[in-house]
Amino acid sequence: MTKTENEKKRLRDAAESGVGPITEEGEMPQKKFYRSRAHCNPLSHNNTFDYPIHPAEMDWGTHYPAIENPKPTVLDIGCGFGGLTIALATLLPKHLILGLEIRAKVTEYVRLRILAHRKENPGKYENASVLRSNTMKLMPHFFEKGSLEKIFFCFPDPHFKKKNHPRRIISDRLLSEYAYFLKPGQGKLYCITDVEDLHNWHVKHCRAHPLFRELSKDEMDKDSCVKAMYSETEEGKKVERAGTNKYYAVFERIESGTEDAKKITGENFFSQGQFGIE
Ligand SMILES: C[S@@+](CC[C@H](N)C(=O)[O-])C[C@H]1O[C@@H](n2cnc3c(N)ncnc32)[C@H](O)[C@@H]1O
């Protein structure tokens, strides 16, 4: 083995072992030590996640120790290596940003990255944190009704095969959950992808959902979060380097009590062909 191959093997072994090399808290972690399998099945049973029985029992204090009575209001779902989570912390200093990520090693990388930013920039990045979770199953354990202002879905896994479409992170049933968590008349759902078919899927499902209204191009152009979602994620940067397209859309959670909002009821939410079950 050449010297480079040896080094590559050492890094691969270290990464695969899941234990090292360890980054000290406060040091900037190196991404190469925290890579892990690109895809995982969000529908498979996995009991390695910690979660409270009820959102009221969640202790966000450990995530945002410098902030009094913290509760996240902006989610970066499937945050990957955390580029957008970090960017939103400075773009939205009055909000608490939470990256959610299913892969343990990647989550640890983002946690260390945030701690390093806090150390390098005293008083900043205190409003950013990351949590390892499977959002397709566990969001109701963490978030209360109407408590969220923004939810981002950036370059979600496309799950190309039809049989894997139930693994997609935007679906009729999950949109009803997202609508439940977002502030009526105010909360926004952002989605971006480089896969045109997946974008069409996002738009089709969001447009069909009675609790969402699509933002016009003009409205999106005025929103600085759209710019951030376009340029700040690691996947977005890869797409830029490859010179291929990015497709995006933003939807607002409509006011409660409108005729459209009344279309979803306790009875039809779980009915076949309705908003609960496809
Ligand atoms: C293609 S990456 C995009 C990462 C990041 N948003 C970006 O644009 O750079 C999709 C990410 O979503 C995460 N993910 C997939 N399913 C998830 C789930 N059910 N809950 C939380 N994270 C999930 C994956 O582990 C992966 O890091």
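Every residue, even glycine, has its Cβ placed from backbone N, Cα and C.
Because TrEMBL annotations are produced automatically, they should be read as predictions rather than curated entries.
Some features that TrEMBL has for this protein:
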type	residues	note
REGION	1-30	region 'Disordered'
COMPBIAS	1-15	compositional bias 'Basic and acidic residues'
BINDING	G78, E101, I102, N134, T135, C154, T233, E234, E235	S-adenosyl-L-methionine binding site
ACT_SITE	D157	active site
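Shown here: features listed in TrEMBL, placed on the structure.
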{"residue": "G78", "record": "S-adenosyl-L-methionine binding site", "Cβ contacts under 8 Å, 6 or more apart": "L100, E101, I102, T135, F153, C154, F155, P156, D157, I169"}
{"residue": "T233", "record": "S-adenosyl-L-methionine binding site", "Cβ contacts under 8 Å, 6 or more apart": "G80, G83, L84, C154, F155, I192"}
{"residue": "E235", "record": "S-adenosyl-L-methionine binding site", "Cβ contacts under 8 Å, 6 or more apart": "G80, C154, F155, D194"}
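With the fewest other Cβ atoms inside 10 Å of its Cβ, the least crowded of the recorded positions T135, D157 in this structure is D157. In the structure as shown, the Cβ atom of I102 (S-adenosyl-L-methionine binding site) sits within 10 Å of 23 other Cβ atoms. Maximum C-alpha to C-alpha distance over the listed S-adenosyl-L-methionine-binding residues G78, E101, I102, N134, T135, C154, T233, E234, E235 is 20 Å.
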